[in-house]
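Among the features that TrEMBL reports, transmembrane segment is placed at 20-38, 112-134, 169-188, 200-216, 222-245, 345-363, 375-397, 403-424. Summarising the annotation, TrEMBL assigns domain 'DUF1736' to 284-356. Residues annotated as repeat 'TPR' in TrEMBL: 473-506, 507-540, 541-574, 575-608, 677-710.
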Amino acid sequence: MVLSEPYWDHHIPLPKLGPLYSRLVTAFVALICFINSYDGDFVFDDSEAIINNKDLNPDTPLSNIWKNDFWGSNLSSNSSHKSYRPLTVLTFRINYLLAGGLHPIGFHVLNVALHCVISVLMIDVFAILIGGLVHNGREAKLSLSPKASFLAALFFAAHPVHTESVAGIVGRADLLCALFFQLSFLVYCKAFQGGDKKFSVLWIFGSILLCAVAMLCKEQGITVLGVNAAYDILMVCNLNIYELAHQLLSRRKSADVSDLFTGSLLFLGGSFLLYARWRIMGTGPPSFTEVDNPASFAENVILRIVNYNYYYSLNAWLLLCPWWLCFDWSMGCVPLIKSATDWRIFWPLLLWCCLMGLVYQALCSQDSNKRRTLTFGLVLLVIPFLPASNLFFRVGFVIAERVLYLSSAGYCLILAYAVGYCSCHWKKHKRLLRATTLTLLCVNVARSAQRSQQWRSEQSLFASALSVCPLNAKVHYNVGKNLADRGNQSAAVKYYREAVRLHPKYVHAMNNLGNILKERNELKEAEELLSAAVHIQPDFAAAWMNLGIVQNSLKKFDEAEQSYWNAIRFRKKYPDCYYNLGRLYADLNRSIDALNAWRNATMLKPDHSLAWNNMVILLDNTGNLAQAELIGKEALKILPKDHTIMFSLANVLGKQEKYKESEGFFLNALKINPNIASCHGNLAVLYHRWGKLDLAKRHYELSLRLDPSAPGTKENYNMLKRKLEQRQRTVG
């Protein structure tokens, strides 16, 4: 490889730092951009991938991460997203193990550290792409473009579009994939360091192995083979695409055997990895709905292509101007282009004009440095984005900022070249260019810090999306859900209603809104919403259960029973539904059916406190005291600190005149929660019956102090006082 130092490198308006200092500065910039996310919460998709993912728990067999998808579902399941990322899940599991539980700080710190490492490694990647892999006589690696590679790495370290990948813990998949993508590329380059087209098969196999590791972190890792192939053609063979195509068409030059061999290795390695990935997928590709990616469901092929290209232009805009960032771009956030008169058609046309201009410069420029830099910039920009482009298969999103993590490296390389080119040709405006470059870096750092601050909590993250995507029903839904979780149900209703208005078939918003209306006793509207939800999605088990609760409150008992059984039919293991079904049977005085339903609930969920407690209370009320005692003691073996079960069991024992044992359970319940008026009151009744009148008096008074209106307590207390007075007169 005969390479020369890029003539524009020393014109870049940055100080020339040594390798160590340039790496330290890049790592520092990456750190200050995202460090304020280190103590953030688990937000958005983290709840499914981490909090609800049993594969993170050390008690779960480690082999499960190789059988399940990224979200903890079995890959063979039709509902699986088929995202096979076992190495990423393994790092989550290690975080869990080291922290001794689900503590987000460790997860966030590792994400920030990974971004710093990746940003530093980008200096080496950019140095090779701009100036080639050059060594001195002592095999030390040299950089022919120290300023350009440093500037491109700074742009990469500070780009705000990376916030989702760094500040969102689920973005760990993109970070690990990018890390092994870089290592695979660097190892592939090392295979050719001998020069004269000599290469090491061992290093090439090492690169393919690292590509496989990248794929086990995220599927996008396969694209490094395309970048390696481009390096082979442009750097090892020292050809540009235009010359190569011309030579192949005219048959004036046969391909070098070594070129064919390395290309064959990459092709065979990629084919094997794709085949292995397809076999792992099991039942085929995941199925997405129109809500996830509306353009891919457009019946007209032309409209589909136009909208895909509009999505590409929006992704390009996020790289150019990352100010409008949103955690989710689905559900009406980007309305479809449906006619030729839609002014938004201008943006895909502008995108392709810019891309064609860059391609022309990359192919036809007389400047070999310019050709090489722009070509690699385009390769890095386009190839990692291909899996998200809808070209090969339908994806489950409209726009996802996380998929731009690797592609942004291509944009940063082109941007660094643009700065160098302008500095070289506009020498009179060098100060202005320096100020502009530093301003751009500072603005990106500030925006990244601001955006990572928004990712610290769901409240700020969801609220930030309202101004970016006001037409996105999911944004309104998530804002409403966050408000409801924090107890502000009145405000949540407004956002849930807006979500349903924007997307009339949004069953999850209907279900949550129906739940709130149920709790506010607005039962009629709640029934209408939940009925509509199950009509739209007949297998929505949670909505069927909530509909049953509303119908039970409306005394539509037969309909409620049918709704509960529908919920159980669609979700076989549904302990909460069995619990509510038991409550219905108890209201109908069908005691045996109620007990069976609650028993099913405890079998499916052994720590279902309400089901255990209701069984004890029902058996107590029906006079089956011995059985109630057995059930209560069985429950306390599983829930030894449940004061509600202790209280119910103590009442049962008191009725059986097992005063000492009953007293023990009452006192244990009060140790756990000493402010339960009913517990003090019932313990006082026990002492009253037992003849321990002074203790009875004390607990009656404690009960009345906690709840002066407690039913029956005042009467029992007055009765006790009369008895004490009578005893005192008798003694006197």
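A Cβ is built for glycine as well, from the same backbone N, Cα and C atoms used for every other residue.
Where the annotation comes from TrEMBL, it is an automatic prediction and has not been curated.
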The transmembrane segment (403-424) in contact with the transmembrane segment (112-134), cutoff 8 A, at least 3 CB pairs, sep 6+: yes
Spatial neighbours of the repeat 'TPR' (507-540) far in sequence, C-beta under 8 Å, 6+ residues away: 473, 476-477, 480-481, 484, 489, 492-493, 496-497, 499-500, 546-547, 549-551, 553-554, 563, 566, 570
Distant-in-sequence neighbours of the repeat 'TPR' (473-506), which means Cβ under 8 A and at least six residues beyond its ends: 44, 291, 326, 328, 330-333, 458-459, 462-463, 465-466, 512-513, 516-517, 519-520, 529, 536
Beyond the flanks of the transmembrane segment (112-134) by 6 or more, those residues with Cβ under 8 Å of it: 1, 3, 5-6, 9, 19, 22-23, 26-27, 29-31, 34-35, 37-38, 141-146, 148-150, 152-153, 156-157, 162, 165-166, 172, 175-176, 178-179, 182-183, 185-186, 189-190, 192-193, 231, 235, 369, 372-373, 376-377, 380, 409, 412-413, 416-417
